[in-house]
Amino acid sequence: MEFDIKKYKDTKKSNTGKHFFITTYGCQMNEEDSEKLSGMLKRIGYTKTESIEDASIVLFNTCCVRENAENKVFGNLGMMKKYKRKNPDLIIGICGCMMQQEGMADKVLKTFPYVDIIFGTHNSYKFPEYLNRVKTEGVQVKEILNKETEIIEGIPIDRENSTKAFVTIMYGCNNFCTYCIVPYVRGRERSRKSEEIIKEIKELVSKGYKEITLLGQNVNSYGKGLEETIDFAKLLRLINEIDGLERVRFMTSHPKDLNEDVISAIKECDKLCEQIHLPVQSGSNRILKEMNRHYDRERYMYLINKIKEEIPNATITTDIIVGFPGETEEDFNDTLSLVKEVGYNAAYTFIYSRRNHTPADRMENQVPDDVKHERFNKLVQAVNEGVIRSNKEYEGKIVEILVEGPSKNDETKLMGRTRNGKLVNFAGDKSLIGQLINLKIVRAQPFSLVGELL
Ligand code: SF4
């Protein structure tokens with residue numbers, strides 16, 4: 001179904017001086033959803049502001065994957081009371097994964113009755129309609145759909161970056177890992193038609209974008225359920241044909257679904273970057289089974305060795321959870337030994353966080369907090385040793401980077417990434433932003449590289 005913004009068209013004139021402020025929690029999927037919310041608001045005449053003080057609409061796009069993200073949302077909603085008191089016309093909205101949880105929307109309304117709009121992940125395209133209702137009827141709007149809708153194409157997107165963009169290729173997840181709430185709040189897997197994806201990427205290229213990252217909870221199962229005969233490897237090869245596009249990345253892969261065809265596509269297609277994010281979660285077969293991951297350590301290491309053999313310069317990154325219910329010292333040591341065996345270039349490490357309604361939350365053998373923290377520290381140390389070692393290998397090498405913008409830590413410098421995702425800071429003129437350039441790596445730092453223009 002095509003999104004029709006004309007249905008919600010507000011006049012720019014009536015919105016003069018109207019600003020919106022969005023805070024986004026969680027993953028890239030949420031970031032992309034916020035870019036769409038922002039795109040719709042801009043299309044009906046609003047302007048983005050970085051200051052809550054200036055905003056006439058404040059929107060919280062929430063995440064429920066970890067408990068601390070939820071706590072932050074509650075804290076921020078509490079803080080909004082004073083803004084609403086100062087400006088009763090202020091419209092406060094809350095949306096995203098957290099709102100899809102059973103009973104959460106009612107809890108929010110009860111605790112923070114000054115919230116005006118609540119909606120979930122399946123109906124965010126209706127935000128302009130909800131906004132109109134609040135403005136014209138003066139009502140509070142709460143609409144949470146329990147089931148995913150068909151994919152809505154054509155929603156305007158206000159992208160943060162002008163060099164690289166995220167493009168969602170599929171929504172939802174069918175995997176039901178026992179610790180994860182995503183399938184409950186994002187629904188079942190639905191793939192976008194390849195022609196829609198290609199069309200979006202071509203439009204981005206025509207606007208000067210050089211790099212795209214394909215997004216999905218499980219990109220390797222792309223294509224299932226579509227009328228066309230296509231899988232992820234075929235989609236990658238089609239995207240590689242797009243003229244003017246320089247780099248393609250994707251996330252997230254699932255070790256049960258990543259296959260040799262995808263590895264071959266990365267090896268053979270010049271635009272596919274040599275970077276694979278392959279979440280392992282645990283090195284213990286017993287825990288992987290409890291997590292319902294549908295692969296074992298042997299299958300995972302087979303894939304890692306295949307990637308290393310076929311694409312020797314590929315960087316491999318991962319996600320790891322410590323302290324899953326029932327994790328013993330022996331299980332944890334299996335994770336540590338796997339980390340050392342793979343030698344990751346980066347790892348997102350998490351302490352297991354109980355999530356309501358998930359099977360792991362109901363498991364009785366929860367690991368005590370102090371044990372989880374102790375294991376987490378050991379894991380971070382093991383990961384970091386590997387990262388530092390791999391960064392050192394870049395010293396003296398010439399690398400190609402796409403210049404993304406000012407460095408995060410030092411605004412006088414610029415930053416960019418190598419094809420395989422290494423972050424490089426260097427001194428250079430801002431006119432280089434958006435360009436592919438070669439740099440010499442002069443120093444490796446623990447989490448980044450320092451380069452020099454040639
Ligand atoms: S693959 Fe597992 S961890 Fe990833 S989104 Fe699906 S259920 Fe969650």
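Each residue, glycine too, has its Cβ placed from N, Cα and C.
As recorded in TrEMBL, the features of this protein are as follows:
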type	residues	note
DOMAIN	18-136	domain 'MTTase N-terminal'
BINDING	CYS27, CYS63, CYS97	[4Fe-4S] cluster 1 binding site
DOMAIN	159-389	domain 'Radical SAM core'
BINDING	CYS173, CYS177, CYS180	[4Fe-4S] cluster 2 binding site
DOMAIN	392-454	domain 'TRAM'
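Structure with TrEMBL features highlighted.
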residue: CYS27; record: [4Fe-4S] cluster 1 binding site; Cβ contacts under 8 Å, 6 or more apart: CYS63, VAL65
residue: CYS97; record: [4Fe-4S] cluster 1 binding site; Cβ contacts under 8 Å, 6 or more apart: GLY26, ASN30, THR62, CYS63, CYS64, VAL65, THR121, ILE181, VAL182, VAL185, ARG186
residue: CYS173; record: [4Fe-4S] cluster 2 binding site; Cβ contacts under 8 Å, 6 or more apart: CYS180, VAL182, PRO183, ARG186, ARG188, GLU189, GLN217, ASN218
residue: CYS177; record: [4Fe-4S] cluster 2 binding site; Cβ contacts under 8 Å, 6 or more apart: GLN281, MET291, ASN292, ARG293
Environment of CYS173, CYS177, CYS180, the listed [4Fe-4S] cluster 2 site - residues of the same chain whose CB lies within 8 A of the CB centroid: ASN175, PHE176, TYR179, ILE181, VAL182, PRO183, GLN217
Counts of helix, strand and coil residues, the domain 'TRAM' (392-454), according to DSSP: 4 helix, 32 strand, 27 coil
Distance-selected binding-site residues near ligand 1 (C-beta under 6 Å), from CYS63, CYS97, CYS173, CYS177, CYS180: CYS173, CYS177, CYS180
Mean of the pLDDT scores, which run from 0 to 100, over the domain 'TRAM' (392-454): 94
Assigned conformation of CYS27 ([4Fe-4S] cluster 1 binding site) - DSSP reduced to three states: coil
Helix-strand-coil residue split for the domain 'MTTase N-terminal' (18-136), DSSP-based: 64 helix, 23 strand, 32 coil
For the [4Fe-4S] cluster 1 site built from CYS27, CYS63, CYS97, further residues of that chain with CB within 8 A of the site's CB center: TYR25, GLY26, MET29, ASN30, THR62, CYS64, VAL65, ALA69, GLY96, MET98, VAL182, VAL185
For CYS180 ([4Fe-4S] cluster 2 binding site), the number of other Cβ atoms found within 10 Å of its own Cβ: 21
